[in-house]
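What follows is a single structure, written as structure tokens, with notes after it.
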């Protein structure tokens with residue numbers, strides 16, 4: 001069987017599972033943050049922590065056992081630098097205005113929330129703004145391809161924590177995974193037990209929450225945080241292993257880059273995006289890359305993953321009886337989501353990805369990118385929440 005066909009087929013199935021996990025598990029960073037701040041509810045955060053913990057530990061084991069050689073894993077590691085901090089702040093503020101991160105956006109748009117379709121449109125506009133203005137005017141590739149002390153780290157071994165900390169030790173990835181994955185898993189477990197204890201006290205009896213039930217399998221009930229987190233992690237592992245064993249190039253999950261590449265399909269009939277070079281290998285020739293589209297391959301498995309994820313989320317919303325076209329009472333929300341979408345698109349491009357591609361996959365790469373992205377992402381979401389409380 002053609003390895004590329006096999007890769008696309010498996011990634012498509014993984015996307016359907018991912019969409020179901022997002023929609024049924026309500027896996028959204030903005031919802032998790034808002035629920036903690038406004039309602040002291042940690043349930044969604046628990047699912048995210050379980051997802052991070054399980055997947056990071058799994059990737060550490062896979063690399064230390066040599067199932068995917070470290071050399072192959074390192075080839076896909078993102079560089080990191082100031083752009084992670086700046087991009088995450090803009091991205092966080094943008095998704096905060098819209099009430100949905102990229103994972104939340106997918107299941108909300110797939111469930112019929114019309115304002116989030118405006119967010120999607122805004123992301124496309126923001127990507128174009130970055131591609132033709134910010135990218136060339138800031139010579140953005142310089143910051144990605146060069147090491148600048150205290151400002152940026154190159155991708156690959158330069159930014160691969162196991163190599164930085166433990167050299168070429170084969171057990172390095174597992175130890176780093178144990179540190180970060182263990183922390184996420186332990187925090188998720190702690191918050192879960194704390195929530196159970198609170199509910200038990202309120203009800204006067206021992207509260208038990210099933211990991212999986214028949215109603216969950218029929219999509220009638222929302223997934224438990226542990227089930228949603230497990231599926232979240234399983235999809236990342238499937239994509240990683242499939243890409244390596246089919247085309248021998250380990251791939252990490254991303255959403256905004258393949259979604260932003262849809263702009264190339266939209267603009268291609270009107271603009272020659274590749275006048276100077278015409279292939280994404282222009283990344284090795286930064287001085288002649290006049291726009292972002294010149295360094296990004298268009299037809300990639302992650303594009304299919306995004307489409308399949310939308311399909312999976314919409315399908316489970318319909319099966320669960322929750323699909324409904326929802327129009328906000330305040331029509332100004334369409335404008336707010338459009339503006340938020342633009343900031344989301346620009347921020348994601350500056351940070352080289354979103355909460356999936358740079359934050360989650362950043363930790364899976366054992367790159368500094370995830371650690372740099374996290375604090376300003378949270379700050380951006382918090383500022384957006386306070387901004388909305390002030391104006392509304």
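A Cβ is built for glycine as well, from the same backbone N, Cα and C atoms used for every other residue.
Annotated transmembrane segment per TrEMBL: 6-23, 44-62, 82-107, 119-145, 165-191, 227-247, 295-320, 332-352, 364-385, in sequence order.
Away from its own ends, the transmembrane segment (227-247) comes close to residues 3-4, 6-7, 10-11, 14-15, 17-18, 20-22, 24-27, 46-55, 58-59, 62, 67-68, 72, 188, 211-212, 216, 253, 301, 305, 360-361, 364 of its chain (Cβ-Cβ under 8 Å, at least six residues beyond either end). Stretch with the most C-beta contacts under 8 angstroms to the transmembrane segment (6-23), considering only 119-145, 165-191, 295-320, 332-352, 364-385: 295-320. Here the transmembrane segment (332-352) sits apart from the transmembrane segment (44-62); fewer than 3 CB pairs are under 8 Å, leaving out pairs fewer than 6 apart in sequence. Most Cβ pairs under 8 Å to the transmembrane segment (165-191), among the stretches 82-107, 119-145, 364-385, belong to 364-385. Among residues of the same chain six or more beyond the transmembrane segment (119-145), those with a C-beta under 8 A of the stretch's C-beta atoms are 79, 81-83, 94, 98, 100, 105, 109, 151-152, 154-155, 256, 259-260, 262-263, 266-267, 283-284, 286, 289-293, 295, 337-350, 352. Under 8 Å from some Cβ of the transmembrane segment (364-385) lie the Cβ atoms of residues 29-30, 33-34, 37, 55-56, 59-60, 73, 76-81, 84-97, 153, 155, 159-162, 173, 176-177, 180, 236, 240, 252-253, 340, 347, 351-353, 355, 358, all in the same chain and six or more residues away from its ends.
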